[in-house]
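Worksheet: the structure to be examined is printed underneath.
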């Protein structure tokens, strides 16, 4: 017999700790159609963020000619967006957690659309680079807020896992379709349409979101917080320190390729960023946990640290492949932009297909899925190292695209699911920001490392026309994949899964009990003080006492001398 709707579910029916992601808010239920329309909208935001970089790979040769740019300046067309996007993710996550994620998402999407319109009209390089940096800030507002909204809309564990997977898969699709769409615009229209396309997608999304994204119910622990005091929970000083540190760090690693790693322009910001990161973590220890942008306990959440470093891999792998092969095929093998984009299609197809594997985590533990994905990346990277001629596309590059992209997507999807499962629900936006920051950090480091290794090897082994530098970059990537695989195998603890929410609930319960106890003690103190003050102001009045043994009609009144006061009774 089925239990009535009001009955509590048995412990055995709780299928996944991911359900706790919405425990911090009043549960909301929405129709299936509305949920999946919202998923499409969130996926379009993820698609556009990936598109903003990949589409410009096809357009950069034309941009260099049109805007009179050199090679060093052309890298900033990509890096400016990437730098600000990664740097502002954390404050975006805090805004989504503390304030309404709906407004953060709509503001980010509409801002990206407006800035993209302006970028399409510029005619000089400096304004374009500045607008690209501002687009990165706007785009950074969309991802943590979209993840927060997504886990609030999809409350059922299986649906939530699938939704997170599809959301991530749209990033990989955006990378490949960006190459194709960008190549079409460059070849048959104008590079400005790369930016105007973004605006044409963003503006309708922003309008639809006003009506479709549900009103966000406040978290239970935030109901008593007044809006005027919420800004204190943003940790503006701490976030500013970390943001500046990330800006300097990403600037250094992206400039290392063009300026040289030994130059002052690279070493100085790199060293300063290291000290600022150390200062940020120290500053966080001085704040209450509920006001810190990244509470120190975050890094001690079960499996959180190993998952953070695993998140560095997927975008690093994809960025390395895109960077090497788009330049090799167009500049050395003289393939057209369209041909290059078409040959990249297997990456997008496999990545999108693997994004639907989120529900596998309910059957197979995420650790083994991530290890399998990293193993596929390892095999693919070895194949890339030997693909040194156009004739080796089908025997080497194509299977490497299939295996590697599938493996990177499995790693991305299930790291994403696992990192949300290991984190308290009240930190959904912040955790999403940390996860996506790790992805972007891996991508930035990948571009810099690959460029430096290629340049140094090519200087002594045949120049840019040779494949030696690219092969060396792939061997370097292989070493990183091996390190990631070993780290996941050794440090990920299956027994620790799902304990974060329990620990958080216990801590919250203890905090609530402490608050109640403190309030009771404070109230008792106030009452005692009030009674003492009243006693000091009022003279003592002796009450008549009667001898109880006497008959009622013959009570004998006994008086005791009054201690203070001069009253007649």
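Positions of Cβ are set from backbone N, Cα and C atoms, glycine also.
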Among 304-326, 511-533, TrEMBL lists transmembrane segment at 304-326
Checking feature assignment: transmembrane segment per TrEMBL, candidates 3-23, 234-254. Which range matches?
234-254
Range annotated transmembrane segment in TrEMBL (choices 103-123, 544-564) is 103-123
Which range is it, out of 413-432, 473-492, that shows up in TrEMBL as transmembrane segment?
473-492
Whether the transmembrane segment (433-453) meets the transmembrane segment (368-387): three or more C-beta pairs under 8 angstroms:
no
Across the domain 'Major facilitator superfamily (MFS) profile' (38-496), the model's average pLDDT, rounded to a whole number, is 85
